[in-house]
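What follows is a short report on a single structure.
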Amino acid sequence: MTDEPLGSHVLELQVAEVVEETSDARSLVFTVPEGAEIAADRLRYSPGQFLTLRVPSDRTGSVARCYSLSSSPTTDDRLTVTVKRTADGYASNWLCDNAHAGMRIHVLAPSGTFVPKDLDTDFLLLAAGSGITPMMAICKSALAEGTGNVVLIYANRDENSVIFAGALRELAAKYPDRLTVVHWLETVQGLPTAAGLGALAKPFAGREAFICGPGPFMTAAEDALRAAGTPDDHIHIEVFKSLESDPFAAVVIPEDDGDDQGPATAVVTLDGTTHEIRWPRSAKLLDVLLDKGLDAPFSCREGHCGACAVLKKSGEVHMEINDVLEPSDLEEGLILGCQATPVSDSVEVTYDE
């Protein structure tokens, strides 16, 4: 990833505090730098979403990485992400070693689809390691704002590697009738298995279930839930991939992309306003919107995260990559703005439904 001019969609936050959660995990608490003007809605977020951080790199200029927000929009005043070192992870190690109070970091607006549709329901949360970060946001929000009960099954290597151990004890003491935390320690029980997780999850199989953690854990947890009878539409999984391109770079749309058909027309409804925009055939919908200064949601710009999903009302598009939308999503008309190019002469989409 090379250093390119930053787009107008890029925000700059300041690290107010770095909290050592465990020997290999840090929470970065952010604030808006003094004198900076960032509209409040640019930082508005939902529990389960993430921030994309621009991490400096001597080799490539910078790398972009997504980190879940462990703060809750209901209970916390400041955005917080929690980062755990990974063996070969440049960005996580750099942040754990170098992040400090006063440091400024470029970020993208909070994004992501790993979000409960309704906090007034019962939840089953399955997390391993740093997968606890979005679960903390969901858990705190559900308990403070919702009315349902929460069961958290949380796997770690040992007691010393449990991120948020103290905070979870405090929440359990505050909500003894609504929060149940079940710890799985590899030093005691071995690696989590589908059978073991299934035994713990079976009494709660009908709940909205959220899964986040390393790949093998998520596979075991998903298998456990399906075996226990949890409906597919109740299973929600968060997967992060390293980004290859630079989502922070400014977008440049060519006036003429050389297509004999000429540009298509995009009719886009966003935040209550409908825009009619020239759409070159080779350009991605998201890039066209950003080029016009529209604040369309996105994160990875690579078809992996689903943050840019938008509802297509009419017309046809082609998506180069789709790693996140299910067949049912496609049937409903959802498309990925970062991957969609026009097939028909006119395409109508809305972000407001």
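Yeah, the Cβs are placed from backbone N, Cα and C, and that goes for glycine too.
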Annotated companion of C300, C305, C308 at the [2Fe-2S] cluster site, Swiss-Prot, chosen from C212, C338: C338
Taken over the domain '2Fe-2S ferredoxin-type' (264-353), the model's mean pLDDT: 92
